[in-house]
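Read through the structure below, which is laid out as structure tokens, and then see the notes.
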Amino acid sequence: MKLLTVSSCFALVFLLTTFAHCQETEIDVEIEYETGRETRSLNGPQEFKVVIKNDVILKLKPPPSSIFATNFKYTVATSDGGLTDETPNKGQIRSLESHIFLDQKNDAVMKVGTNKDGLIVMEGIVEDTFISPGRQQPGRAKVNSKPTYTAKNLTTSQHVGRDYIDLHRNITFNPIKRQTKATTIAVGETWVVLDYDHAAQFGFNRERILSYLATFFRAVNNRYATISEPKISFTISGITIISSRSAQPFVENSRVPDGSGFDIGMVLEDFSKWAYTTILPSFPQVDMAALLSSTDFQKKDEFGIYQKNLAGLAYMKGACWKDTYGKRLLATSVSEDLGGFYDGVYTVAHEFAHNLASPHDGFEEAAGCSWEEGYIMSYNGWGTTKKFYFSPCSIHIMNKFILSSGGACMRNKEGSTPLANPDAAPEVGNQLDMKSMCIKHTNSPQAIVDPTKSPTDLCTNLVCTYLGPNSVPYITTTNRSPGDNSICGNGGRCLNGQCVGDQGVRVDMTEQCVRYTGKATAVPDNTRTAEQLCQQLQCKYTDPNQPGWIWTWKSGSPIPDYGTVCDGGRGRCIYGACV
């Protein structure tokens, strides 16, 4: 029996051609459905195999956790200086994120949906290329229609001069003594502000903005996912959109003398004050604040002449820094995202590294890593593989900062874990068994636990299987643990992703009847179906002292041991089902 890993399994073939810097190029896409149907619903289990011809094979899967923090807030800044709370409920956020798929190994984040013809379409980032659906080709018959796609390079603007401000923060760089060799985990809770022009690109629409930023910051996290030590990621603790120009004084009051643009240094300084007085009073659990803008900022060069080619600016070592004396949040950065097509991803990743104390490669503490090698903390290297990575110097410096007094907020994450599904609450195993959870997650009463997975695998990530339309078997990976104390294996319980106390598989049902009844003649009750026996072990036996009598015994356990052979050797009992 073939188990499909996707409800609408297909190969998506991108025929990529060479394209010039920042030009859109149409690319042909062939969608091959293994099940032979032309349209698909996005309901049910989803994993997508995407083949980019002569390049990479993407295995897109749902993200393991939300990009939004548990206490996430969505606010609108008004002209009177206030914030209006328009936070969606958690169900709306989960629904939105259900369309986001990742392949961190191949640096891909894709948003998946369906077009008006019911065909699956994708939009997102593969390495440094933005791929999006194009316009329908004119004259093409609808019956033969298929999505067209365009590709655009995400090479950021060429910088002029230094794109960070060093306030020479006094930090104690004594490494923390850890009791184990566990990897350092750092999570930056980030407040994202969209200026008026940037929010206007989305029509100030909350759902469009949330969807865009969910993809955007997962792409930023992909840059940091290339670092093995420390493990650095960012969650979105809040979003504020600017509803009018009068609500963004930090931009409007920063015009250059000739009125042709805005001074990014003045914007960053005023934004740090605005964030301190507007965001922190109501939302103190903020590690960093990032301003995304569609403005083409300017900055003075060494001759005092304003230049336009600067994509971002940040305070060096600013993460976690709240200046109570100057009333400024110095954990701030400003980044251009001009087109709303994710071109600011590299800029944000770069500026965040400045917040985490990393200077440019080849300079200061990173002098040991060459600028010419073209890692993320250099302006060189576009078109090379090193542009997807941080240099060893940057990694060392960021790790040192995170372990210092200055980076303490990123290590202390009380009450700020990623948004969880209520089904995965602590000790959920006391209320639901794994099979019940599978039924709940798949909305299929026939769902069972995947029999190919080990008990510990299932404690780490519950995997279910069920029959879909036309009796096609599907597998769905829930991307969550079934919860501590869930029954696993033979007599085991899930604890921190492990099946603890598992006594191993006892495969023979007759042996179990003998063991449970204490009667050598005990055998499974053949008047019950294999499914019934897997749900509740029932045995029968004869007693030499009472000839002609057949005794029936029911176990006190609801199910036989995990993996017990059933249905005459054709199946195994897996959590109440003979599969």
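Quick reminder: no glycine exception, Cβ is built from N, Cα and C everywhere.
All TrEMBL annotations are machine predictions without curation.
Listed in TrEMBL for this protein:
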- 1-22: signal peptide (SIGNAL)
- 186-414: domain 'Peptidase M12B' (DOMAIN)
- His350, His354, His360: Zn(2+) binding site (BINDING)
- Glu351: active site (ACT_SITE)
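A separation of roughly 11 Å, to the nearest angstrom, links the Cα atoms of His360 (Zn(2+) binding site) and Glu351 (active site). There are 29 other Cβ atoms within 10 Å of the Cβ belonging to His350 (Zn(2+) binding site).
Other than the site residues His350, His354, His360, same-chain residues with C-beta atoms no more than 8 angstroms from the centre of those residues' C-beta atoms, the Zn(2+) site, are Asp163, Tyr164, Ala314, Glu351, Ala353, Ser358, Pro359, Ile376, Met377. Of all Cβ atoms in the shown protein chains, 24 besides its own fall within 10 Å of the Cβ of His360 (Zn(2+) binding site).
Spatially close to His354 (Zn(2+) binding site) yet at least six residues away along the chain are Asp163, Tyr164, Ala314, Tyr315, Met316, Gly318, Ser333, judged by Cβ distances under 8 angstroms.
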